[in-house]
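Inspection log for the structure reproduced underneath, given as structure tokens.
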């Protein structure tokens, strides 16, 4: 049977204490809503997102990343709350899976289990060791009898450890029957989706529980929750890649975003940070190095190196305290203390310590092109735009301001002046 997915993302998220919409806060490089839609698309091609607070900002982001997502603006003035969120939706399929926009850890393989259960309502349940503060889900004979808030529970009900995880599968006819009957007769004056449980039970509908893992169904309501969710996702990402053969030294100190990919045999040392759409192929990333939106192939990076976006590094050694930005390096050695930005450097070239590509004049960025088998001496400044042909030797301390032809030596130094006995005269010593 086909089914629809509805994602509730209309909430204000005041506990996040941020001007950014809650569902756009990132986990492992992507907003929470991205993770949820990505998993939902694995099980359904009919996805609707319910919006209200900062709706246009959220909608704009989703439309940029995904095709075919429908949007409904909640009538929050007249129908606030989770029950009000579903009032104006046309359901095209016979089953509707309702997800929350602040549950980025949910996985498609778990959601598929909802569909396999034959019931009018499938209610997600978490078994908690300490359910204090949560309403309890009372189950008898494999059926949900009712949900009771902690303040209303008796001693027997308080002993129950089952709590509502907040994800539901409804049959279409049930929603059409009971959504109009919801009332806002409560302290918050909101329409609650959970009230449908009691209405359905009164009319003899079947309500089945599905026990789900807590670490997938934890909501993110604060920056603390956000940090905890990222820890869980980091563990998933690193576990996956280690199972694929990536070596990670002290993996708890390594940070890998969700779009990072590995090929071949790779090793990451402690403190490595990999961000964005980065590809690491048959390479060794040494301690405390950062790679962002770049490709590293058959290379050694670090320790303490920074590879900034749009860099392509192949068969190269990038050493400690070297920064590379928007550059292509093929067969290059840059051992230490250099900045290589907007540069193309070919094989066999050695970059000495303290080399700087001066790529910005205050108004625009310019290219530095270095050919094959070039030796760049320490403390060299390359004033872009500039082109260095093959087989060039650049002496230490040189400032290169014009193109250098093949096979040449480039040197620019102030002559060394030695003043004898100056130390003694300056300090007044004999």
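Including glycine, each Cβ sits where the backbone N, Cα and C put it.
Taken from Swiss-Prot, the feature region 'Pyrophosphorylase' applies to 1-223, supported by sequence analysis.
Counting every protein chain shown, 11 other Cβ atoms lie within 10 Å of the Cβ of residue 149 (UDP-N-acetyl-alpha-D-glucosamine binding site). Annotation comment: Swiss-Prot describes 8-11, 22, 81-82, 135, 149, 164, 221, 308, 325, 339, 350 as UDP-N-acetyl-alpha-D-glucosamine binding site.
What Swiss-Prot records for 102, 221 is Mg(2+) binding site, and it gives sequence analysis as the kind of evidence. The C-beta environment of residue 221 (UDP-N-acetyl-alpha-D-glucosamine binding site), restricted to residues of the same chain at least 6 apart in sequence and closer than 8 Å, consists of 13, 15, 16, 22, 102. Secondary structure at residue 221 (UDP-N-acetyl-alpha-D-glucosamine binding site), taken from DSSP and collapsed to helix, strand or coil, is coil.
Feature annotation from Swiss-Prot assigns region 'Linker' to 224-244. Among residues of the same chain six or more beyond the region 'Linker' (224-244), those with a C-beta under 8 A of the stretch's C-beta atoms are 16, 25, 27-28, 32, 35, 104-105, 215, 218, 251, 254-258, 260, 262.
Among the features that Swiss-Prot reports, region 'N-acetyltransferase' is placed at 245-430, with the record citing sequence analysis.
According to Swiss-Prot, the feature active site, proton acceptor maps to 336. If you take the C-beta of residue 336 (active site, proton acceptor) and look for same-chain residues 6 or more apart in sequence within under 8 angstroms, you find 319, 320, 321, 322, 353.
In the three-state DSSP scheme, residue 360 (acetyl-CoA binding site) falls into the strand class. Summarising the annotation, Swiss-Prot assigns acetyl-CoA binding site to 353, 359, 360, 378, 396, 413 and lists sequence analysis as the type of evidence.
Here the binding-site residues are 360, 396, and the one with the most other Cβ atoms within 10 Å of its Cβ is 396. Max Cα-Cα distance over the annotated acetyl-CoA binders (353, 359, 360, 378, 396, 413) is 23 Å. The Cβ of residue 10 (UDP-N-acetyl-alpha-D-glucosamine binding site) lies under 8 Å from the Cβ of 50, 51, 52, 53, 55, 74, 76, 85, each on the same chain and at least six residues away in sequence. Taking the Cβ of residue 350 (UDP-N-acetyl-alpha-D-glucosamine binding site) as centre and 10 Å as the limit, one finds 15 other Cβ atoms among all the protein chains shown. Here residue 350 (UDP-N-acetyl-alpha-D-glucosamine binding site) is positioned 20 angstrom away from residue 413 (acetyl-CoA binding site), judged by their C-alpha atoms. The Cβ of 378 has fewer other Cβ atoms within 10 Å than any other of the binding-site residues 82, 359, 378.
Burial estimate for the binding-site residues (8, 353): highest at 8, by number of other CB atoms within 10 Å.
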